[in-house]
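Asker: Per Swiss-Prot, the features are:
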SIGNAL    1-20  signal peptide
BINDING   Cys136, Glu172, His396  Mn(2+) 1 binding site
BINDING   Cys136, His138, His196  Mn(2+) 2 binding site
MOTIF     435-438  motif 'Prevents secretion from ER'
Amino acid sequence: MALNNFLTFQLLLLLLRVSSESPWIVAGDVSRIPINFLELAKSPEVFDSMVRIRRKIHENPELGYEEFETSKFIRSELDLIGVKYRFPVAITGIIGYIGTGEPPFVALRADMDALPIQEAVEWEHKSKNPGKMHACGHDGHVAMLLGAAKILQQHRQHLQGTVVLIFQPAEEGLSGAKMMREEGALKNVEAIFGIHLSPRTPFGKAASLAGSFMAGAGAFEAVITGKGGHAAIPQHTIDPVVAASSIVLSLQHLVSRETDPSDSKVVTVTKVNGGNAFNVIPDSITIGGTLRAFTGFTQLQERIKEIITKQAAVHRCNASVNLAPNGNQPMPPTVNNMDLYKKFKKVVRDLLGQEAFVEAVPEMGSEDFSYFAETIPGHFSLLGMQDETQGYASSHSPHYRINEDVLPYGAAIHATMAVQYLKDKASKGSVSGFHDEL
């Protein structure tokens, strides 16, 4: 009997030891959840899965609102881990749900569209779709969110509310976030978090700031119409080329002479099209470009239109101006909520170390995450993957690559932010409604 008791005791000790060494959290160990998520994300089970997902999506890039195969693949991964979801939302978008199905609700977002770029990186998983490439890290964003979903689903019994997973189409200029918002993606959601990989931020560090982070963005296109004719007798023409040249130069004054130096704005002409012969003055010239601003966006648009039309008139030409060419609606600035910024900063330091958080500076780049963040409290951040020995190219470059070693950091931050937000919110009490889908 004594021998049996001794063996039973030794067996219990062995089980306890194995349990303590396992990264997967057992019931009753809720306090360890945020601390353990980075360890879990780095485990072969999660890390290998994220790498596989990222490479699969990278090989098959699809443009905005055309992410049919990408969406199908994401849904299959959600099915594998038993996560319920709603589809379609905004044509190809997906909304997944993990947790109680009850308040509070917090959302995590990943974009999934590619860019019309021919990949120049030669490697085993190079894009198989000519002229299309994941050159902005969206394949990594999806992989990180699915990694977080895997971790959260394994610990769903500990969630004090519901995590909403938003897989968004068409971030690159087509305002997919706006369409998802219009189709109810934020129903009952009280806060939303987004992460973007950054080749300019040191590896493993997260950058953010409170307030305006990403500029509002818009586009413009103008057709300047004159009267074409032979280039040898310009006096018999009304030259739209000269008018367009004057317009391009005059637009530069909007920033250098009309903008407070402490208030960043950008107006850039990116295309000038017209004419097809050396000895013919064309009837018209088309110009177009982009504008970025944190404040005074509407006024900047009005001045662009005014300068184009009046400079054209000075040169006896007419001008028509389109401030939403190709359906590209102006995008508001991305503004980080102060309370969420404080939570994010604390989570990053607790999870990755005190030096892991970097105070960012405002970016003139734009993000349609802004449509979510102007509706409910939101927080957008950059996750660094910079490695000077590797020389990672900037976003939107045909040479763009991802440092896959950073994927666990993104998954862990996603999961920890969701758990911590729900924990804090539940402790204060939440009055939101229920999701009909759950």
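Cβ coordinates come from backbone N, Cα and C, glycine included.
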Asker: Over the motif 'Prevents secretion from ER' (435-438), what does the predicted model average in pLDDT?
Answerer: 51
Asker: Within 8 Å of the centroid of the Cβ atoms of Cys136, His138, His196, which other residues of that chain place their own Cβ, given that this set defines the recorded Mn(2+) 2 site?
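Answerer: Other same-chain residues with Cβ inside the cutoff are Asp111, His134, Gly137, Gly140, His141, Glu171, Leu197, Ser395.
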Asker: Looking only at DSSP and grouping its letters into three states, which state does His138 (Mn(2+) 2 binding site) belong to?
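Answerer: Note: His138 (Mn(2+) 2 binding site) is helical by DSSP.
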Asker: Please report the distance from the Cα of His138 (Mn(2+) 2 binding site) to the Cα of Glu172 (Mn(2+) 1 binding site), rounded to the nearest angstrom.
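Answerer: Roughly 10 Å, rounded to the nearest whole number.
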Asker: Where does His196 (Mn(2+) 2 binding site) sit by DSSP, helix, strand or coil?
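Answerer: It is in a strand.
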Asker: What's the CA-CA gap between Cys136 (Mn(2+) 1 binding site) and His196 (Mn(2+) 2 binding site) in angstrom, rounded?
Answerer: 9
Asker: Can you grab the distance from Glu172 (Mn(2+) 1 binding site) over to His196 (Mn(2+) 2 binding site)? Cα atoms, rounded to a whole Å.
Answerer: 13
Asker: Could you check the binding-site residues His138, His196, His396 and say which one's CB has the fewest neighbouring CB atoms inside 10 Å?
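Answerer: Fewest other Cβ atoms within 10 Å, among the binding-site residues His138, His196, His396, is found for His396.
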